[in-house]
Amino acid sequence: RCAMDWQVLTRELSLYLEHQVRVGLFGSGVGLSLVLGFGVAYACYYLSSIAKKPQLVASNDRFCRFLEEYCPVVTETYYPTIWCWEGRVQTLLRPFITSRPQVQYRNELIKTADGGQISLDWFDNNDSLYYPDASTRPTVLLLPGLTGTSKESYILHMIHQSETLGYRCVVFNNRGIAGEDLLTPRTYCAANTEDLEAVIHHVHSLHPSAPFMAAGVSMGGMLLLNYLGKTGRDTPLMAAAIFSAGWNVFESVESLEKPLNWLLFNYYLTTCLQSSISRHRQMLEKLFDMDLVMKARTVREFDKQFTSVMFGYRSIDDYYEDASPCRKLKSVGIPVLCLNSVDDVFSPGHAIPVETAKQNANVALVLTSCGGHIGFLEGIWPRKCTYMDRVFKQFVQAIFEHGNKIFSM
């Protein structure tokens, strides 16, 4: 397969370069030879070192066979975009390159036990041809990342994929992040699952006969994993898909504090966190020194001054330990597929709990060598669909249409 890909790539490159010579771009056979030689060398390197099959980690043979048959994308070679395969580049470019499908939401605000409110954005898919009966239409709960909402491009793409399959989606926006007011001085964190539990119970109560699963991205995936580790099999969810989760928060923040990563990601993410709470300053000043919080220059400093204090942890280390999904993976009681790239600076490859995953028959890890954080770009100009989108679509469809074949695990 690699040999065939190399031949096709080389032939196309040669034809293109010969055309350029004819129009006088290079002007000499020497220039053509140099460029062609470089192109062939780059193609060889790409096909031998970059384009690889993902590593599938799963201890349950039945789960593996299920994925190979109904979610084959996890066993196929992943070809990252040839001109931006490096993890940091993929992470930075995805929000700007990928398209933003148009989605019309129906917003719902639900009350919480402590007097707060949560904003849910529904995509009902009432025009579904495959599931015209709304009471039994499969439902996917989507959890965005740390400061993400239903407007993120990766969420819009998941909804677009679900729409083509006839499914309904609902996006769980964390408190105070999607334009709604904070009614209490409380936001959210990766460890506290109370709001997620309330949302899952609410959605299931509205459609008790509908197949129900969830997908979480980045911090949304961490929150979902922590919920599943807490509830085991006692959940209305059939299965879950996790994308680019940070498995060990200590390792994640250490990676993000390296000079280049701080410059590219950490400082910006910290300002996003500060921006997300600045609108609620009057409410939050009742409990926090907001001037001190707004001086944070890293995610760790923000969590130390704000997040860990809000949720009653004695120290930031206690919070990070509780927020790390790797500690709860053994207790997950439903089928879960987790996609990570080993070059993700938000979730370093060495911190992915491969050995722990092998101890739980409900868990499958899919590890790519490239892809970055919520990147997974593929194709020459990756606007419409990423590898992550294809994994999501195939796994969700596999669960809703063939899931009975693994639920007897």
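Heads up, the Cβ atoms here are built off N, Cα and C, so glycines get one too.
According to TrEMBL, the protein carries these features:
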| type | residues | note |
| --- | --- | --- |
| ACT_SITE | Ser218 | active site, charge relay system |
| ACT_SITE | Asp344 | active site, charge relay system |
| ACT_SITE | His373 | active site, charge relay system |
| DOMAIN | 138-379 | domain 'AB hydrolase-1' |
| TRANSMEM | 23-47 | transmembrane segment |
Between His373 (active site, charge relay system) and Asp344 (active site, charge relay system): CA-CA distance (Å): 5
Euclidean distance between Cα atoms of His373 (active site, charge relay system) and Ser218 (active site, charge relay system), Å: 8
Largest tally of Cβ atoms lying within 10 Å of a Cβ, found at which of the active-site residues Asp344, His373: Asp344
Mean of pLDDT values spanning the domain 'AB hydrolase-1' (138-379): 97
